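Remarks on the structure that follows.
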Amino acid sequence: MGLRPLMGSMSVGPLSPGTRQRLLQGQAGSLPAPFSSSSVAIFISSAISDMDAEREALQCTAYPEVQSFCQKHGLTFEAVDLRWGIPDTQAADRLTTELCLEELDRCQRTSVGPAFVDGIERDVPFRANDLEASLGNMMRPHRKKSKANIGTGQELSADLLLAFMLLRQLSFAVCIGLEPTFLLPRHLPECWHPLYPYTQLLTRVLSVVVTMVPYQAGVQNLSVLPSQPSIQCQMGFELMPHLSSCQALLGDQYGPCLIPQRIEEKEWEALRAQLTSRPRDLELVARHFQRDDNAIPPSYVLQSAGSVEAPGPEEATLTSVLQGGAQEARRLGLLSQEQWKRYHRSVIEWEIEQGLLSSARGDQGATVFLRDVQDLSKHILDDCSLKMVDRLADGCLDTDAQSLLSGLKGRILDAQPGALKSHRLPWSRDLVNPKNKAHARYLKELSEQFVARTNHQVLEQLRELESGRQELGWLYQEIRHHLWRGAESTRIFCGRQELLAQLGQRLRQDDCWPHTPLVLFGPPGIGKTSLMCKLAEQVPGLLGHKTVTVLRLLGTSTMSLDARSLLKSLSFQLCLAYGLPLPPTQVLEVHARVGHFFHTLLHTVSRRNFESLVLLLDSVDDLDFTRHSQRISWLPLKCPPRVHVILSACSDQQVLHTLRQTLKDPSAYWEVKALSGCQGQEFIQLLLHAERRTLSPGQRDILWASLPECGHPGRLRLAFEEARKWASFTVPVPLAITAEEATHQLCIRLEETHGQLLVAHVLGYIVSSRYGLSEAELKDVLSLDDEVLQAVYQDWTPPSKELLRFPPLLWVRLRRDLGHCLNRRPVDGCTLLTIAHRQLSKVIQVRYLSGPERSKRHGVLAEFFSGAWSQGTKKLITLPLVGKPINLDRKVAPQPLWFSGTVANRRKLVELPFHLLHAGRMEELKQEVLGNMSWISCRGISGGIEDLLDDFDMCAPHMDSPEVGLVREALQLCRPAVELRGMGVTAIAWSLEEKLLVVGTQDGAMVVWDVEEQQVVHVLTGHTAEVKCIRVFALGTLAISASKDCTLRLWSLLSGQEKLTILDRGSPTSTEPQSWELHVDEMNKVIYLTSSAKISVWNLETAKLVFCIPGDASDPWACVAVLAARGVLLAVSKGGQVSLWDSALGKLQEKHQLSSIKEETPTCAVSVQTRAKLVTGFSSGSIFLVSSEEDRLLEKLPEAVGFLVVSEDDSVLAAGFGRSVRIFLADSQGFHRFMATDLEHEDVVETAVVGPENNMIITGSRDALIQVWSLSEQGTLLDVLEGVGAPTSLLVRGGTLVVSASSKSSSVKVWDVRSTQKPRPPAPFLDRTGLAAVSHHGSYIYFPKVGDKNKVTIWDLAEGEEQDSLDTSNEVRCLEVAEQAKLLFTGLVSGIVLVFPLNSRQDVLCIPPPEARKAVNCMSLSKSEDRLAIAYDNIVLVLDISPGDPCPTIEGPTYTFYTQLPETIASVAVLADYRVLYGMTDGGLFLYNCASSKVFPLEAHGSRVSCVAVSHGEQLAMSGAEDALLCLWDLQACRGMFEMSYESSYCRGVRCACFSKDDKYVFAGMRDRSIIAWSALDGTLLAVQFVHAVISRIIPTSNGFMAPTSHGYLIREHFQCPSARASQQDPLKNFKRAVWLVKTTQRKEQLTAAEASQDTGPVAAEGKKSKSNKRSQVCLIL
């Protein structure tokens, strides 16, 4: 076999700057056809049945491995073996030859890596003894007794001597220059006829000897030179020696030399001249060929073409006659060498010549696989061997075919000697038998070698492509694709001159003025595409000056399938063509941003004022309008001067109606009408001429009669496709009149040729696909279609017993007849087949996809793209000739979500939801796609949030599933965060009138969000640095933004256009934080920008600077305000100096010092516009009211003032300090304190906003929480809301809506504060301490009260409300619940433990601390709840709990011990036998036996031990640390069993853990907000679940566990150990970069008493150091 790599045009490759510029400007030039392919297509060339075993071995083992390798590199794999799965008669069909060469050419043009594989056998040296053995065995039935001697004692039979005598005459013929072709019995001269009885014998003799002739490229190599050594026999007979040691008798096939189907007139005359002297031969040829005058030039057509019957004697004679004529004509110089080859080559030699020997790449990367069958020459004439060689009709060896094959092998060996891969195997009667161990080994080695060579060559080609890849190669490939298709569309163009002239005049009229885009419309097939392409060619001449022409034939490439991709490619081309900056990454990720950038780009191009731009977008109908089908928001309503947009659309499509609703100008619509009758005839004549065809007068009359006055180009094209097949002797039938009838007629003709079922299913699959199918996909799909396979294999059985595939030759035949009906669309690196004409698509839907057939096609496609029958999964089928169900592997491509860590299966992502939906498989769609987090993650990562929402929008209307609706809503809610990912939000403003939210980010991007539609309507691009502040004005229609890039930009919120840019020259570059504020004076049309360094004022209309007030660098301003009511600017510096200026002129009015402020600096301020005053906060907690008249102290807070806010009417003032907010009300003197108590958070309060009607205040803190307080109810907490997962730094109210954001998060959340006052479902409990305890099987939760940690809240989980609270008088540090005893233990910061009976509020017990003011660190109850351990920093108390009436009694402490270590105890667990397990803050872990006063140091952790847990049987223990290490301990042996390490990309560490009730599993809550379950038997990770919240405690239940979370919910999980099959799956498959490692602790020697324990005294302890801990531990019993 020979393998050859040929590079497909995966990228454009290096282009000169001039060529790139011409492409960008829309000049097609003479570029070749582009091929954008990421496929590896290998053509398999071998004789018809010669290497069946090898081909099956490759199918079963090699192809899947290569396919997997290619997929991991983002490539598709296709093996093209046209002779597989069909009978030999079809494989030898004349049409097959042409199809094989066409497929080989396709593979060479499109394949990345190898494209050609050939199977041959290696020659073996000839030996005379082998000849005698073979001939002797053959002639044994006719052997005579007489013997003759040859050579030195060698004897030959008389029959053999007779054969040698005949052979000597043949040798003479060879010596005088005759070709071996003429040495066969079927070509013997008439004088040999008396020897006819010996013909069969002679044939078999010749088949042995003639193959010794080293037939190379011509007859010159056939002569025997006298000087060559020879073998003499007594009768003087001379044996010809072999000329090469690599040639011998082979058992492979060359294949028949096929008769040409068409012979041109000149070539025919040359052949005819040679046959004139042989009338019978001439008559034979004339009977089989008929002159076709419709060909230009005329040619002779073989009449028997297309027969699938085996070649008969007459056809063999015809072949012989033509070969003889061609040989003589070639000798006389009447035929060229290439013409001669048409008669003397089989299809395999044509394939090898084209794929291997004639390639421009020579032997680079070529591999030839040689099969060397040992001792084959001894058995060549055995019946078993004849099965694999060329035979004549009578079954004898075809020696001329063998001679031609020998010459072919010689050429291969000469051309590529270094690329041979030889495989030797012993001869066997059944030839290559996989059951033979040696043969099986050979097949395995062959497959491995094929895989290795193919993969290597693919990698080499990828490296070559990567090294030659140029920046933005995808863009130039896209432009080439459309320009080339445009040139093809106009290659035959007729008429339309008047319409082109009118369009040109309209373009010239509109060039200098704003105008409406133009729309060309008409019915399908009317010629809109050709007209658009012709217009693109003529545009430069029409406008008369330099023009950039951009052509897109929508729907024909990846970047023209949907609006976002289209706008991306257009934007890149325009930016490069005009030398503008490329669109930034954040713009390209969101459709609305790309649309805005595109509109801005058009205006930018227009302002250049010297180049015109013409955008031609053909077939807007073919854009994917899955979402927003009623809007074409990307289309400009008005084109600026020198920018023209021309669209085309079908008149019967919804898109045209949408366009009419968008573009109201009637003059913008131009109808494309049919051609005139004369133009229609001219059009067909041009088509025929281009194909070098014509018609006879009678045929022309029939054609015109069938098309009376027809000018519809689509119908004319269909008529041409029929007429081009007419020969001059064909009597055609009248054609259909209408396009629909002609399309039906086409389908009928295809059905008659290829079978109705195959045509129906193939066309049905192509039409049913979402974007088309690649050829490899289509063949896989057909291999899964049982109906098709049953129809195919009704007359013959499949060639393999292990696999079943659709024969690819049947598809290639159908594809050839479809011809112009198929389009090739490059999508995602694949070339997809689609139906080219809408009329044909409609007919296919009517004929083949009505009723249940449509869902069947989608069902099979869904099975393919889901991978249900891939990777060895067999599928049952009953074939007609088998009669019983058989289970066979279909060998279809696997369909994982990810081919590798970075390569997603985009074809599956795009197609599978579409087919599941239309197949009606809703449950599978919900479970495997829309509700599958793996799918959602893959789709979102590979395609973005837009593509993911497209899937939901496509499917949701057809599904009655609340769950899918919830997922869809969640994705929509997180969409702003996804669109702004990586960019912290720094500024927010509301446009209440337009219900818009304007958001500014750290990288300068601004987004306008429609709150009602819940989608981005504009992306405002222009700023290049952080947006500091935004102000909305002009009734919500305009916004002004200020940025660190030293610019202010004025935006229209309605159009998204930038209206004005102000350059803030001389802006400070200080890196210190600065307070920036914007103030818009609409009445005077000025804008104020204030900062710590200066005050700048600009005219809002002219952008001219009105005045600028610089600050003092030595005493910068801390806060500046514009007091519009007084017409002043007021600033307070860090040194306490107050300055006032006239706001209209910038003239200083006064300066004074805040006299009562000492050693305090201003930290924040807020203006009270109604009183023209500034409320200023200071670093020591002072709040001053500053104005031009007075400075007065309002309040002294205990901490620095963090922020100040006022209500809209200036009646409420809120001051934030530390974790508190104080509320003030306005009075005649200023403000006074409103409530006696402050509003408290658990963390520092960052911001606040007063609610509508001043009846509530919303505050945000660093712990990402937002709390809603009622002011009308004296500060009652109404609600606690989860922020955006980062410190809440921004709260902005608009009406009843409040938006929260953070400078450390890209998310924003919008709340309706009215909902906080309405009845709500059970609310989550408000524990933010992580101390929550659970009782009554999860009915009640206990946690420190929010805002008062001296109390414990009892939360009724079912009611979602606080039931009661317990007063502890001290801050709570830890909580434990004795479920059986119904006791709540509260450990306090004072060291006291209070014990509350849960069923009553009396008899509260108090356990005093061992030392005064020692805080309780942690507590633990034994599993039987009869022991309590209380741990302080370095002291542990162990107490007994005994039953009592009415409450249990607590006695003790029974034991008390000190750790005597500087580190403190972090976690503790107590056992019923008074053993205590405790972990330290430094990672130390110890087991202390109170009864024996012995401590057992266990292997130390590397960081703080965050939890310890004991099994219910108290045989095992588990410890977890902040370094994510979990350890399992044997408490009896005091040794470790397993060490488990869990690390994820999010964060590390263990929070809590517990054993299951049966002690088989361990559940652990991790810091990365996940819960893991692992086996206590071997440490195997069983499950991982991400719960989106930190778990504070895990409590085992009878069938799982329950766990309170930081979000205030109680998780209840039922856990079932995964089955054996499921356990083979990776639990971490959905967790990127998460790792679980298990280490088995080796058994150690039994711990000695000295090593295992330590004495109670300090002296004994000092010398007893554990090898595993950092230091020894001393425990003192008290």
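Cβ from N, Cα, C; glycine included.
These come from TrEMBL:
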- 518-689: domain 'NACHT' (DOMAIN)
- 749-852: domain 'NWD1/2-like winged helix-turn-helix' (DOMAIN)
- 979-1030: domain 'Anaphase-promoting complex subunit 4-like WD40' (DOMAIN)
- 985-1019: repeat 'WD' (REPEAT)
- 1020-1061: repeat 'WD' (REPEAT)
- 1238-1279: repeat 'WD' (REPEAT)
- 1498-1532: repeat 'WD' (REPEAT)
- 1648-1672: region 'Disordered' (REGION)
Residue numbers, six or more beyond the limits of the repeat 'WD' (1020-1061), whose CB comes under 8 Å of its CB atoms: 584, 587, 593, 596-597, 599-600, 603, 986-994, 996, 998, 1000-1008, 1067, 1076-1080, 1082, 1087, 1089, 1098, 1100, 1103
Tally of residues which DSSP labels helix, strand or coil - the repeat 'WD' (985-1019): 0 helix, 23 strand, 12 coil
Per-residue pLDDT averaged over the domain 'NACHT' (518-689), given as an integer: 86
Within the repeat 'WD' (1238-1279), residues counted as helix, strand or coil by DSSP: 3 helix, 24 strand, 15 coil
Counts of helix, strand and coil residues, the repeat 'WD' (1498-1532), according to DSSP: 0 helix, 19 strand, 16 coil
Structural state census, the domain 'NWD1/2-like winged helix-turn-helix' (749-852) (DSSP three-state): 61 helix, 14 strand, 29 coil
